[in-house]
Each structure stands twice: as C-alpha cells, then as structure tokens.
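The following features are taken from TrEMBL:
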- A:12-50: repeat 'HEAT' (REPEAT)
- A:89-127: repeat 'HEAT' (REPEAT)
- A:89-270: domain 'Phosphatase 2A Regulatory Subunit A helical' (DOMAIN)
- A:166-204: repeat 'HEAT' (REPEAT)
- A:205-243: repeat 'HEAT' (REPEAT)
- A:244-282: repeat 'HEAT' (REPEAT)
- A:283-320: repeat 'HEAT' (REPEAT)
- A:326-364: repeat 'HEAT' (REPEAT)
- A:365-403: repeat 'HEAT' (REPEAT)
- A:404-442: repeat 'HEAT' (REPEAT)
- A:482-520: repeat 'HEAT' (REPEAT)
- A:521-559: repeat 'HEAT' (REPEAT)
Amino acid sequence: MAGADGDDSLYPIAVLIDELRNEDVQLRLNSIKKLSTIALALGVERTRTELLPFLTDTIYDEDEVLLALAEQLGNFTMLVGGPEYVHCLLPPLESLATVEETVVRDKAVESLRKISQEHSPVDLEVHFEPLVKRLASGDWFTSRTSACGLFSVCYPRVSSTVKAEIRQHFRTLCSDDTPMVRRAAASKLGEFAKVLELEYVKSDIISLFTALASDEQDSVRLLAVEACVSIATLLPQEDLETLVMPTLRQAAEDKSWRVRYMVADKFSELQKAVGPEITKNDLVPAFQNLLKDCEAEVRAAAANKVKEFCENLPEDNREQIIMTHILPCVKELVSDTNQHVKSALASVIMGLSTILGKDNTIEHLLPLFLAQLKDECPEVRLNIISNLDCVNEVIGIRQLSQSLLPAIVELAEDAKWRVRLAIIEYMPLLAGQLGVEFFDEKLNTLCMAWLIDHVYAIREAATCNLMKLVEKFGAEWAQNTIVPKVLGMANDPNYLHRMTTLFCINALSKACGQEITTKQMLPVVLKMSNDQVANVRFNVAKSLQKIGPILDSNALQTEVKPVLEKLASDTDMDVKYFAQEAISVPPSHSSLFTPLAAVILEPQSPQRTTTFSPSVRWKVLAADGATSC
Amino acid sequence: MSAISASEKVDGFTRKSMRKAQKQRKSQGSSQYRTHTAPVELSPLPQLKDAPSTEQQELFTQKLQQCCMLFDFLDSVTDLKSKEIKRATLNELVDYVSTNRGVLVEPAYPEITNMICTNIFRILPPSENPDFDPEEDEPTLEAAWPHIQLVYEFLLRFLENPDFQPSIAKRYIDQKFVLQLLELFDSEDPRERDFLKTILHRIYGKFLGLRAFIRKQINNIFLRFIYETEHFNGVAELLEILGSIINGFALPLKAEHKQFLMKVLIPLHTAKGLALFHAQLAYCVVQFLEKDPTLTEPVIRGLLKFWPKTCSQKEVMFLGEIEEILDVIEPTQFKKIQEPLFKQISKCVTNPHFQVAERALYFWNNEYILSLIEENIDKILPIMFGSLYRISKEHWNPTIVALVYNVLKTLMEMNCTLFDELTSSYKADRQREKKKEQEREELWKKLEELKLSDMPLVQNNSHGLPSVQNNNNNNNNSNSNHEDQERSAAAVTADDKDPDATAAVSESTPCAK
C-alpha cells in the first residue's frame with residue numbers, strides 16, 4: 001500500500017509531471033483533472049512550493065487542458081493551506097486569465113472571483129488588487145478583458161485610496177481602443193455600479209454609461225442597455241429622468257436594430273427598474289414603437305414581452321393603457337408578415353385574457369385567438385393551443401372548440417413530423433380540458449391514426465399519448481375504445497404496425513391493470529411469437545419481460561414460460577438473445593419478476609411450485625449472477 | 001402546406017439543401033431605408049454633357065444631391081419613375097468622373113462623399129436565415145443593388161480618377177468612413193463584398209495615414225469573429241486584401257505584423273467555417289513565411305496546437321497548408337520542426353478517414369518534401385515507421401494501402417539498414433509500448449487508492465475541522481495505516497447493525513458472483 005515504502009510520497013508528482021508531458025492530450029487532461037488528488041498527496045507545503053510553480057511555468061498547452069486547470073485552481077484554497085495562503089494561487093490564474101481562448105479566460109476569471117472572497121482585506125490589497133491592475137494595463141486585449149470582471153469583487157473590501165485607483169482603471173478600460181475590451185467593460189458596468197457608493201455611481205458610472213451607450217460600435221451600445229437596468233435600480237427615482245432616461249430613449253430609437261432588439265428584450269426589467277411613472281410617460285410609447293419596428297427581429301422580441309409588460313403596468317389605469325395603446329399594436333401583429341413575430345405573439349397573447357377579464361377577452365381577444373388558430377404557420381397555431389389553459393380559466397374552452405378542432409386536425413396531419421409531434425404532446429392536456437365525450441367524438445380517430453404514422457418518433461409519441469389518456473380516463477374507457485383497436489393492429493400486414501401493437505401493450509399494461517393485460521393483451525402477444533418477422537418476435541420477448549410483473553404467476557408459468565423457451569431456441573440470434581434476457585434478467589425494480597426467472601430456470605424439477613424455500617431463492621440469485629456476469 | 005413531396009412523405013429527414021432549394025432566392029432591403037420618411041418624387045435634370053462648362057460644376061452638385069434620395073426596393077411598384085431617374089443619373093455620374101478630367105475640384109469632395117455615405121452606409125438587416133450556412137445556402141441579396149452597385153462603381157472611379165487628391169479627400173475619407181466601410185464587409189451579398197474589397201484596397205493604397213488604422217480594425221474584426229461571434233461574412237475578402245498588403249511589408253518585419261500572424265491569423269484556423277476562407281488564409285501565412293523564414297517554427301507549432309480533432313474536412317485543409325509551407329521551407333527551419341510535425345503526419349496517415357490519410361500520403365509525391373525527408377531520414381523514419389507499417393496491414397481502404405506500400409518502399413530506399421532494424425524491432429517496440437501503457441494504468445490505480453484512503457479525511461474536514469495542521473497529520477496517517485482506515489470506514493457504515501450480519505453481507509456478494 002501507499003505508505004509501505006518511505007519515499008512513496010514523491011511519486012504522485014512524478015506521475016503528474018510525466019503525464020503532463022505526454023503527447024496524448026487525453027492523458028494530460030486526466031492528469032490535470034486529478035490535480036486535487038496530487039495536491040492532497042503532496043501536502044500543503046509542497047503544493048505551494050513545488051506544484052504551483054511547476055504549473056505556472058508549464059502553462060502552454062491545449063486550451064482544453066488549460067480550461068480544466070483554471071477550473072481546478074478555483075477550488076484549491078484548502079489544498080494550499082487555507083485562506084492564509086490562498087494568494088499562492090494567483091500567479092497561475094493570472095497567466096490563465098491572459099490566454100487567447102475565451103472559455104479558458106472566463107474560467108480563470110471565475111476562479112479568481114471565487115478565491116478573491118477567501119482573501120483577507122490585507123491580502124486583497126497586497127496580492128489581489130495589484131494583479132487586477134497588472135491585468136488592466138496588459139499589452140494584449142485578453143488581459144484587459146479579464147480585468148473587467150475582477151473590479152467588482154475587490155472593490156467593496158479595499159481602502160478608499162485603492163478604491164479610487166480601481167475606479168480609475170475601470171474608467172480607462174471603458175474607453176479602451178479595442179472594442180473587445182469596451183464590450184467586456186460595458187458588460188460588467190452594471191455589476192460594478194452595484195458595489196460603488198451612490199455618489200460615485202452618479203459621478204463616474206453615469207458618464208461611462210452615457211459614453212458606452214453612444215459608442216461607435218453597436219455591439220458595445222447594446223451592452224450598455226443591459227447595464228441600464230442595474231443602474232436605474234440603484235438611483236433614486238428623482239435622478240432617473242436626468243441621468244438615465246435620455247440615454248434609454250436614445251437606445252430605444254438607435255439606428256442599429258441590434259440595440260433596439262436589446263431594449264425590447266430587456267423591456268420588462270427596464271420597466272421594473274424605472275418605476276410606474278416613467279413607464280406611463282415614456283415606456284408605453286417606446287413599447288408601441290418597438291411593436292411597430294421595421295425589423296421583424298425587434299418586433300418579435302417586443303411581442304414576446306407583451307404579456308409581462310401589461311402585467312406590470314400600474315394597476316390604476318392598466319386596462320385603459322392596454323386597450324388604447326397596446327391592443328391596437330397587438331391587433332396589427334396578428335397579421336404580421338413575419339411568422340416569428342406572429343408565433344412570438346401567439347406564445348403570450350393568451351395571457352392577456354386574465355389581465356383583461358371575461359368581457360374584454362370575448363370582445364377583443366377572442367377574434368385574435370381565432371385568427372391565430374387559422375394562421376398559415378403551424379407554429380403560431382401550436383403556440384395558441386399550448387396556452388389554452390389561460391383562456392380556459394377566464395372564458396372556458398367551449399368558446400374556442402369550434403375553431404380549435406379544425407386547427408388541431410390540420411396540425412395533426414402537418415407534413416412536418418416535428419409539428420405532429422408537438423401537437424401529440426398537447427393531447428392529454430386538451431383531452432383533460434375538452435372532456436371525454438368531445439374527445440371520443442372528435443379526437444380519438446386522430447390519436448389512433450398517429451399509431452400508423454410513417455415516422456417512428458410519431459408512433460412512439462402516440463403510444464405514450466395513449467398511456468397518458470388511459471391514466472386520465474381510466475381502464476374501462478381504455479377497454480372500450482382503445483384496446484380493441486390496438487390489438488386489431490396485430491394482424492396488420494405491415495410488421496411495423498404489428499410492432500406498434502407490442503409497444504402499445506408495453507405502455508398500456510400498467511395503466512390497464514392485471515385483468516385486461518392477462519385476458520386481452522397477453523393472448524395477442526403470445527400469438528405474435530409465431531410472427532415470421534424476427535423483429536416482431538424479439539419484441540414479443542421484450543414485451544413479455546415488460547408485462548411480466550403485471551401478470552399473475554399462473555399465467556407466467558403456464559403461458560409465458562413455454563413461449564419464451566421456444567423463442568430462446570429461435571433461429572435468429574437476436575430473438576434468442578432477447579428471449580434469454582427476458583428469462584434471466586428481471587427488470588431492475590420489480591421484485592415480482594424474480595419468480596418468473598425462477599419458474600423458468602427450474603425445468604428439471606418434477607413438481608413446479610410457486611413458493612420457494614430460501615435455498616431455492618438463493619440458487620436463483622446465483623444463477624442470475626452467472627448469466628449476467 | 002398541402003403540397004408534400006413524395007420524398008418528404010417517406011422520410012421526414014429530407015436533405016437540407018433540398019428543402020432550401022424549394023425556397024426562392026430572396027432579397028432584402030437595408031434596415032436604413034425603412035426608418036426614413038417617404039421619398040419625394042424626383043424630376044430629371046438636364047444632361048451634364050449638354051450643360052455649358054461654367055454650369056457643369058453646379059449641375060454635378062445638384063445631381064449628387066439628387067442621388068441622396070433613398071428608395072424602397074422591396075416595394076417594386078412605387079416610385080418607379082424616380083428610381084429610374086436616380087439610376088440614370090448615377091450612370092451619368094459614373095461616366096462623368098471616369099471620362100472627364102478636371103471635374104474633381106475641391107468643393108466637390110464633400111458633396112461626393114456625402115452622396116456615397118448616404119447610400120452605402122446603412123445598418124445591415126438581420127439575416128433572413130439565422131443559421132445561414134454560406135457553403136450550402138443561397139445568400140440573401142441586397143434589394144437596392146441596382147442603385148447601390150452604381151454608387152460603389154462611382155466611388156471606385158472617384159478613387160481611381162487621375163485628379164483624385166488624397167490630401168483633400170482625407171478630410172472626408174477618414175477613420176469613421178473606413179470603420180463603416182469595414183462593417184459592410186459583413187454583407188451577405190457577395191457582389192457587394194467584391195466591390196468593397198477593391199475599394200478598401202484602393203483606400204489602403206492611397207491613404208498612407210489610414211493604413212495602420214485599417215490593419216488594426218481588421219484585426220478587431222477577426223478577433224471578434226474568432227472569440228466572440230463566429231460570424232462575419234467578409235473574412236475571405238479581408239484576407240485577400242491582407243494577402244497583398246503582407247506582400248508589401250518592409251523587412252525586418254515589425255513586431256505588430258508578427259503579432260498579427262501569431263495571434264490573429266493562426267487562431268483564425270480554429271473557426272468553424274474555415275473552408276470559406278482557408279485558401280486566402282493559407283496564402284497570407286505563406287506570404288509571411290516567404291518574407292521571414294524564421295517564423296516557420298512558431299507557425300507550424302501554432303498549427304499543430306490547433307490541429308482539428310474531429311473534423312476531417314478541416315484536417316485535409318491543414319495538411320494542404322502544411323504542404324504549401326513545406327514547399328517554401330528552408331532546410332534549417334525544417335530541422336527545427338520535423339519531429340513534432342512528423343508525429344502529426346504519422347497520426348494523419350493512420351486516420352480512418354481515407355481522404356485525410358490520402359492527403360498526408362501525397363506529401364511523398366512532392367519532390368522537395370522528399371528531398372527534405374531523405375536528408376533527415378534518421379529522424380523521420382523512426383517516427384513514421386510504426387504507423388505506416390500498421391496501416392499497411394490494417395487500413396480498410398485499398399487505395400491507402402497501395403499508397404502506403406509505395407511510401408514504405410521510398411523510405412526503405414532512403415535508408416535500408418535503419419528500415420531493417422525498425423522492421424525487426426517492430427514487435428518488441430509494440431510490446432514495450434503496451435507495457436508502458438500498463439504501467440501508467442498501474443500508477444493511476446495507485447493514485448486512485450491514495451485518494452480513496454484520503455476520502456474519510458476530506459469528509460472530516462468538511463465536517464468542521466478546518467485546521468490545516470490536522471489535514472496534514474491525517475494525510476500522513478492515512479498513508480501509513482491505509483488498511484486500518486478502510487476497515488474502520490466499513491465499520492462506520494455498518495454502525496448500529498450486528499457486525500456479523502454486515503460481514504455476512506459483504507461475504508455473500510463475492511459468492512453470488
């Protein structure tokens with residue numbers, strides 16, 4: 001063992017070094033991922049004096065290895081001796097934070113942020129903050145980009161002189177001449193603002209924010225929009241108008257659609273941050289403009305926010321604002337030329353009914369729902385159908401059922417299988433809301449038709465759908481409406497359809513219960529063991545294994561066992577394999593199946609019993625082990 | 001929706017290109033037009049050539065101003081007359097600046113650049129097809145091209161006019177102008193990018209003061225493309241411009257240029273859409289190496305670092321680039337990188353993808369590379385031998401096997417004795433490798449055990465003994481009393497149960513197996 005010879009403590013690092021130099025990246029990666037093991041074996045002292053310098057010196061490797069290293073080092077505090085020594089981890093992480101590859105750098109910054117919390121205030125000033133400064137004034141843009149993410153973690157815990165320096169560095173990076181750095185600074189602006197004292201938010205952050213928001217590159221300007229949310233939250237209401245709103249108004253009308261898109265995308269957050277008064281006066285018209293934007297991308301992003309925006313309007317005149325300002329735009333979007341816009345709207349529009357109440361919904365929204373249910377784009381119809389529950393609560397689904405049905409039927413027969421798949425997934429929900437009668441009358445045929453779809457994924461989903469329906473409507477319903485049709489397919493000339501019968505049985509047997517399974521399903525399965533197609537036969541074996549736990553032991557012994565034995569000597573090797581599998585390996589969780597294996601494995605014994613002595617049970621276990629090992 | 005093709009009925013997974021082909025070629029307008037107010041109808045002005053020379057300049061200005069009116073080309077019915085007038089005027093302007101001398105007087109410059117800026121500088125609209133695959137999809141074309149094309153044409157003729165004076169123009173064609181021009185390279189319309197390429201090249205040639213700025217901005221575009229967005233349509237065009245720029249670099253190369261090679265061009269090889277600009281990229285790299293051969297080693301090491309792991313198509317491109325580099329390599333440089341390089345090549349020849357293996361084996365058809373190999377056969381043969389020998393027996397593709405036999409024959413002729421030695425030691429070498437492999441596994445297993453023995457200790461720590469010294473002590477203990485610890489750990493899990501029962505349990509497990 002490890003401690004047997006005295007010098008053994010040396011070999012972990014030897015292995016590591018050896019492996020780190022291996023040509024195979026995978027081995028180097030393994031080695032890095034075990035770094036904590038190695039550090040543990042070395043002890044804190046040698047980890048600090050040998051391992052870390054070694055790692056710092058050898059940082060030139062594939063990015064994947066570096067990524068693993070950056071991640072590991074974030075969790076190394078205990079392994080170097082606790083918070084008191086945590087600064088030992090800074091040199092390797094510092095060089096990782098200057099690497100070109102973004103994921104590595106980001107991970108290094110993440111680890112640095114993590115260990116910054118473990119620094120004492122003194123160490124933070126002596127070790128961490130100088131590192132941030134070095135990064136912030138690095139030659140190549142990568143180190144400056146990394147620095148942007150580190151200001152906010154050290155700022156709150158350093159002295160006021162150092163704070164002033166940090167603010168100065170951040171300012172410099174916000175006007176860096178590479179756009180990559182300005183983007184990084186802009187994306188951290190909000191986070192940095194949060195840790196600053198309010199006076200500096202007003203004096204420093206606002207001017208940086210204004211500058212970034214009017215940067216020459218739209219990729220920078222759009223990030224300023226994100227920061228706008230945090231900044232607006234920090235400022236007192238009375239300052240918002242002068243400090244934030246001019247910039248925000250400008251962003252909402254930016255000439256680049258990317259910036260306007262960002263405003264639309266962050267609209268709910270902005271709304272919350274600026275409060276109800278400004279929302280009423282400024283954001284409502286801005287939102288209207290975004291809903292009418294010339295770029296579909298922007299309209300779609302805004303359409304997505306319609307419900308949230310309306311929900312968060314001040315309650316006193318919410319209805320009036322919606323009815324006079326928002327709804328007219330929404331009406332136009334229903335017949336937008338772009339399908340993404342319509343489908344974004346369709347995914348939220350139903351939510352308006354709870355806000356507007358029954359009468360408004362019937363008068364104003366229902367015509368829109370109906371129009372969208374007839375939309376040429378399947379995604380739009382699907383989005384309406386998938387949100388039916390909101391309307392159901394307000395006006396009941398019956399109002400819609402006349403238009404609903406043609407829409408469902410058309411989706412059910414859509415040429416794209418993904419669309420069909422999507423509508424199948426809503427069937428149980430629809431069935432629950434429309435009730436069993438409506439379902440039997442209108443939708444049952446559809447559900448059965450999916451079973452013989454030419455795409456396997458649809459047949460599979462249809463099977464699963466049946467199971468959920470049975471869970472909803474009960475075994476008796478199943479016996480009358482579904483089971484006969486499913487079993488009928490066992491005689492279909494197409495073997496894929498015959499297999500579907502088996503898949504349905506697998507899915508339905510549990511929900512249908514022992515009675516139906518034994519009396520109606522089992523005979524069909526057993527009969528199919530004579531099928532001429534091997535795929536059907538081995539699926540019989542699989543099905544028997546699945547439904548075994550539901551059957552009683554008598555049926556298992558007298559009916560299932562002989563069939564499986566016959567299949568176990570089939571000419572086809574796959575059939576044999578699955579038959580043997582069914583005989584020997586019980587499904588993992590069912591204890592019921594053990595007797596089946598036992599029954600079948602005791603062919604020599606003259607009298608077969610259904611109860612076992614402990615010794616027999618042990619034999620079964622042993623035999624089980626033998627076949628599965 | 002109702003028209004379903006037969007193939008779609010049979011199989012939901014129709015090929016992407018088939019689905020795409022059904023779509024019509026689309027065109028789109030710029031995002032800019034739609035934010036403008038509706039255009040005023042244009043009325044035709046008299047022809048420039050008919051005007052008396054004293055009024056020509058005034059008329060020229062008027063025409064330039066007239067051409068600042070923008071039209072909606074997605075709407076093909078409105079403003080037809082005005083669109084035609086603008087088109088004719090632009091044609092006339094192109095003709096005017098390319099055939100006449102003395103028309104570029106100083107006051108014309110701001111009018112000219114204003115007309116150009118108004119027309120071409122626009123925010124490119126979002127892509128119609130968010131997962132646009134430039135290799136397979138038809139690009140979306142610019143709807144306003146009938147006008148924009150003429151404006152580009154005009155700009156080009158303006159720059160190429162013998163009277164053109166950069167010293168005056170630099171007030172208008174400044175950094176901001178260049179920056180906006182560079183942003184347009186992201187256009188999906190290849191016709192537009194082609195014009196931009198020529199124009200930027202002219203600007204680079206004529207405005208010495210903008211050169212460094214242009215290079216820096218191209219750098220930024222590339223870095224953003226590599227590390228942030230992975231999306232920019234004009235990479236190939238920008239590289240093409242750079243190819244000719246590099247050609248003109250003075251020797252010795254500035255640090256800035258070397259940095260560009262190592263930190264921008266080499267990482268560009270990692271891009272997903274490398275196929276779209278690889279030819280231009282490889283050209284740039286080779287240009288650099290022809291300028292300064294000492295860069296060969298870092299370049300090849302860089303390529304080896306970014307060597308594709310899973311994409312065979314890219315691997316073939318890398319091999320192509322390596323051959324281009326080897327074509328111009330100096331023998332002294334070759335010696336410096338032959339080992340790592342041939343280790344990679346030896347991996348490539350064993351690649352199960354026959355195109356990769358084939359591309360690597362084609363190196364042996366290159367006379368110059370052959371001479372380099374022959375010169376260094378003592379080093380290269382031992383690296384290559386194992387792989388070649390193995391695939392000569394194992395590769396599934398007969399063409400590859402045939403090629404390998406030829407290569408082996410060539411190598412044998414280069415150094416017969418070494419070849420024989422390697423053949424006879426092949427088996428022993430393989431065994432040695434296997435043994436090494438086993439040893440490594442053993443070592444790791446031991447390490448694993450170490451970790452296992454440390455496990456309880458780690459748990460202890462997290463349960464509230466944060467002291468470092470304690471950690472250290474436990475560590476030593478665990479090394480020496482490993483077996484004891486394991487037993488006690490087992491006892492802990494058994495805890496309140498009868499110890500005999502747990503023993504029985506643990507014994508029954510091996511029995512059952």
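Each residue, glycine too, has its Cβ placed from N, Cα and C.
Automated prediction, rather than curation, is the source of TrEMBL annotations.
In the repeat 'HEAT' (A:205-243), the DSSP tally of helix, strand and coil residues is 33 helix, 0 strand, 6 coil. The DSSP breakdown of the repeat 'HEAT' (A:521-559), given as helix, strand and coil counts, is 32 helix, 0 strand, 7 coil. Averaged across the repeat 'HEAT' (A:89-127), the predicted model reaches a pLDDT of 91. DSSP states for the repeat 'HEAT' (A:244-282), grouped as helix (H, G, I), strand (E, B) and coil, give 33 helix, 0 strand, 6 coil.
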